[in-house]
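Noted in TrEMBL for the protein shown:
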| type | residues | note |
| --- | --- | --- |
| ACT_SITE | Glu80 | active site |
| ACT_SITE | Cys144 | active site |
Amino acid sequence: MPTLLLTGFEPFHTHPDNPSARAARELHGLQVGSYRIESALLPVEPHAAGAQVAGLLDRVRPQAVLLTGLAAGRPQVTLERVAVNVMDFAIPDNAGHTYRDQPAGPAGAPAAYLSTWPLRATLAAWRAAGIPGHISNTAGLYVCNFVLYRALHHLATGGRGGIPCAFVHVPANPAVALAWPEDRPPLPYLPDAEIVRAVRVAAEALALGEGT
C-alpha cells in the first residue's frame, strides 16, 4: 500500500504542547484513499530534524509527504507555497541554538523550492469541509521552513522530485492558548479535533485528486 509520511513537531519555546504532534499521533495508521499514513515526531532542532526527515524518506520511501508544525498567532490552517534556503531564528531551538543568516541547505543548493503538493485543490477541499484556510507565501525562517526545504531538496536530488510534498502550519490549540501570557494580545486557537480534521482533509484531498 502506498505510504503518506506525516510529521509533526515536539513542543518548543514556551509552548507546553504542539498540536501538530497530536495530529500526527492521532492519524498514524489511518488509510486515506489508497494511502496508509505513517507518522513521525520531529525535534525542534534543524540538523537533527533534517537528518530524521532524510532517514524517513529513505527508509519509508513514501509516495507523499505532509509535514506539519505550529504557527502560534495564525488564525487559520495554512499551506506553505515555498521553502527558502535561509535560517534566521527569532527564538532558540530546543537545543538552545540560534542561527542567523545561515543556509538551510548544503553548498550549492537552490535558493528556494516550491511545494509539489496540489495546494489549490487542498484549499478547495478545506473550504468544502467548512475549514477556513489559506495559502501562505512564507514558512518563516525557523525549523518548519528548514524541514520543508530539506525534504524537498532530498527528494529532488534523489530523483523523486515529483512526489507531492507540503507543509501545513496549524494554529495554536487550547493548551497553547491557555499558556499564553495574559498581558499579551489574545492568541487565536482551534480545538485539537478541528486541527486533526484539517490535516486529515489535506491528505484526503491529495488522494481524491489522484483518484486513489
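The count begins at 1 with the first shown residue.
Positions of Cβ are set from backbone N, Cα and C atoms, glycine also.
TrEMBL: automatically predicted annotations, no manual curation.
Keep in mind the model is a prediction, meaning the values are calculated, not measured.
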Can you tell me the CA-to-CA distance separating Glu80 (active site) and Cys144 (active site), as a whole number of Å? 10
Under DSSP, is Cys144 (active site) part of a helix or a strand, or is it coil? helix
For Cys144 (active site), the number of neighbouring Cβ atoms whose distance to its own Cβ is within 10 Å equals 26
Once the chains shown are all counted, how many other Cβ atoms turn up within 10 Å of the Cβ of Glu80 (active site)? 25
